[in-house]
Amino acid sequence: SGLVHVKNPHLDSMEEDVLYHLDLGTKTHNLPAMFGDIKFVCVGGSPNRMRAFAQFMHRELGLAGDGEDVADICAGSDRYAMYRAGPHGMGIPSISIMLHELIKLLHHAKCRDVTIIRIGTSGGLGIKAGSVVITDTAVDSSFQPRFEQVVLDDVVVRSTELDKDLAEELLACSRDIPDFPALIGHTMCTYDFYEGQGRLDGALCSFSSEKKLEYLRRAYDAGVRNIEMESTAFAALCGLCGLKGESCRFHFL
């Protein structure tokens with residue numbers, strides 16, 4: 001049917017579903033009227049960056065007005081912002097909260113055949129600066145395609161495969177844009193910006209530069225081409241709820 005699935009039987013018995021962090025709810029807002037026509041969702045980590053992206057898309061699609069006055073749909077909350085394209089903050093806990101409520105929003109709005117694309121920046125591994133990595137599989141810090149979520153006191157392991165056809169479609173699109181190097185590869189997701197990514201400049205560091213380089217070489221040999229902190233949760237939640245998902249990350253250095 002193409003509908004967005006939620007895997008929570010308790011929602012059916014709730015009189016109202018309040019999406020706390022989005023400042024939206026099934027009783028206070030007509031979600032099908034507001035969002036029922038949505039086919040593509042783009043999410044990113046920075047409110048300012050996503051506002052600029054929403055303005056850019058407004059111009060590219062030739063919509064009325066100049067796009068400078070795009071409204072923040074979630075203005076009543078200081079957790080996230082939404083301009084029909086919204087930021088999810090940094091790291092797995094932040095993107096997980098946003099995705100739970102976003103997926104419920106799409107479900108309540110009766111959206112069909114939705115594609116969700118995560119855009120942002122990352123650290124590259126053995127690739128040219130300025131490249132865009134299109135993720136085929138998100139892997140954890142042991143280079144395994146899995147997302148481990150503690151539910152009560154059980155460790156639940158979920159798949160992190162992303163839509164391969166969508167990845168190839170995005171790669172084909174990139175070929176039409178000059179000076180836009182793109183490639184498909186694995187994305188490694190860590191729980192931390194410093195020690196988790198092998199950085200030597202954090203408040204704590206328990207390894208040598210040689211050990212760091214040896215670890216990154218093993219990551220590269222395992223197919224990892226960039227490192228960030230959200231992709232495994234993103235891939236797992238999209239896959240479980242029937243969303244075509246993809247992550248595209250720009251590599252600075």
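Placed from the backbone N, Cα and C atoms, the Cβ positions cover glycine too.
It should be emphasised that the depicted structure is a prediction, and the values quoted were computed from it without experimental measurement.
TrEMBL lists Arg79, Arg118, Ile119, Gly120, Thr121 with the feature phosphate binding site.
Taking the Cβ of Gln197 (substrate binding site) as centre and 10 Å as the limit, one finds 20 other Cβ atoms among all the protein chains shown. Per TrEMBL, the feature substrate binding site maps to Gln197, Arg199.
The annotation domain 'Nucleoside phosphorylase' is assigned in TrEMBL to 40-244. If you take every residue in the domain 'Nucleoside phosphorylase' (40-244) and average the pLDDT, you get 89.
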Lowest local Cβ density (other Cβ within 10 Å) among binding-site residues: Ile119, Thr121: Thr121
Cβ-Cβ neighbours of Arg79 (phosphate binding site) (radius 10 Å): 16
Sequence-distant neighbours of Arg199 (substrate binding site) in its chain (C-beta under 8 A, six or more apart): Phe193, Cys205
Gly120 (phosphate binding site), number of other Cβ atoms within 10 Å: 20
